[in-house]
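According to TrEMBL, the protein has these features:
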type: DOMAIN; residues: 1-420; note: domain 'Major facilitator superfamily (MFS) profile'
type: TRANSMEM; residues: 25-46; note: transmembrane segment
type: TRANSMEM; residues: 58-77; note: transmembrane segment
type: TRANSMEM; residues: 89-107; note: transmembrane segment
type: TRANSMEM; residues: 114-136; note: transmembrane segment
type: TRANSMEM; residues: 234-255; note: transmembrane segment
type: TRANSMEM; residues: 270-292; note: transmembrane segment
type: TRANSMEM; residues: 304-321; note: transmembrane segment
type: TRANSMEM; residues: 327-354; note: transmembrane segment
type: TRANSMEM; residues: 366-387; note: transmembrane segment
type: TRANSMEM; residues: 393-412; note: transmembrane segment
type: REGION; residues: 436-456; note: region 'Disordered'
Amino acid sequence: FIKELVNKSCVHRYDRILKEWEVSLIWSFTVSIFCIGGLLGSLMAGSLSSRFGRKHCLLLNNFLAIFGAILMLLSRTANSFEMIMVGRFLYGLNAGIGLSAQAMYLTESAPKRLRAMVGVTIATSLSFGKFLGQLLGIRELLGTEKNWHWLLGFNGFTALFQLCTLPLLPESPRYLLLEKGNVQASENAFRKLWGKNDYNKEVVEMLEEKAALQSVRSCSVLELIQNRTVRWQLLTIVIAFTALQLCGLNAVYFYSFEVFRAAGIQEQRLAYAALGTGLCEVSTSLACFMIIESIGRKVLLFRGYMGMAAALGLLSVTVYFQKTVWWMPYCSMVLVFLFISFFSSGPAATTVSLPGEILTQSFKSAGYTLGCTVNWTCLFVLGTVFPILVGNLGNFCFLIFLAVCLICGLHVKFNMPETKDRTALEISVEFERMHAKDKASEKKRASEIKVQETKL
């Protein structure tokens, strides 16, 4: 429908029918401009959330989605594909800022024992959003020539909902205490969020962190990169966010339609089969929500990437033989759903909130900015390179993504501590212990922590 609008607009304005490559070029730019907006948004997210606060940053961010939705809704009436481009760019800005700010707000507002569980809700919301988009896009709902612009503008309604409901919630207690130094406002926020539950232990732990870092201000991305004390946390964030996009999910979704066709699903029913993959992602994410606190983030990440690597290796074989062996397409279908399950219960559920878990308060904004910047950059590169990989390697492109999954899984296994029921300071000490060059450096770090405790 958008390609038809592009041709229709050019015929109406210039009395000229575009060639196929010209339409494809405009379409590719329209798709990729979302990633450009997301990249710019992620670069701004850290400074905006530190300046205005997590809550107010999210509130202001909703206006970007609303303005983008208005442009999407009016594009068909105005006969303008440029309005769709601008709307996609605003959507990208909104996603880039919102992903970082929302992750900070949720993880900072949650109790330590529920922090991982609350972090999973980000992945669950993303999965549900994709599933809802697939559902609304079928022909019986909004996937028609008459209603497609309503599908593009649907984001505006969700932004309007958040704009009306978020003012009922308080600002992040950690932000109020550690960055603004307002103990009373932080305690009020805790009371509003937690009710009658005891929050004194959380306040004490935050005061300990504040005392340990009292001479350290909120750091920029460049300062985070240059600081040698957090180099392993930095490397973990970069590897995890890179693998999140380069793990092969796009390749699996791309080949899933070919697998469904080979399994005998009719062309007009492929959209309903795709709904099954989206529903699998949502249901697995919900299951992960229930088990992450008992299993732990590190175990889920490691098992997720190892399971994805195994599924990709087997998929490269089954897709290759699915035209010669009659039962291979059914094996491929099982592997597609297994891969999505491993992805939803591992990387998708734990990666987005990872910087808030392993970095202390002074590095958190910069950590989220860096992680989300890596995420959007990899998404843009993948969108550019993936068609070339498929064209040259075919289904054997799975092997490249398999290598990425193995590298990230092994890094998590040997270089990342478990974060369950630990404060940011405790996790920093554990990183230092795991990667200490010798016993002397371990003792030096332990003495520094002891001095800080003595000061307290």
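Note: Cβ is positioned from N, Cα and C throughout, glycine not excepted.
Residues of the same chain lying 6 or more positions beyond the ends of the transmembrane segment (89-107) and with a Cβ under 8 Å from any Cβ of it are 33-46, 48-49, 54-55, 57-58, 61-62, 64-65, 67-68, 71, 115, 118-119, 121-122, 155, 159, 172, 175, 352-353, 355-357, 364-365, 368-369, 371-372, 375-376. Remark: the transmembrane segment (25-46) contacts the transmembrane segment (366-387), by the rule of 3 or more CB pairs under 8 A. Contact between the transmembrane segment (270-292) and the transmembrane segment (58-77) is not supported: fewer than 3 Cβ pairs lie under 8 Å, counting only residues 6 or more apart in sequence.
Spatially, the transmembrane segment (327-354) is adjacent to the transmembrane segment (234-255); three or more Cβ-Cβ distances between them are under 8 Å for residues at least 6 apart in sequence.
Confidence across the domain 'Major facilitator superfamily (MFS) profile' (1-420), taken as the mean pLDDT and rounded to a whole number, stands at 85.
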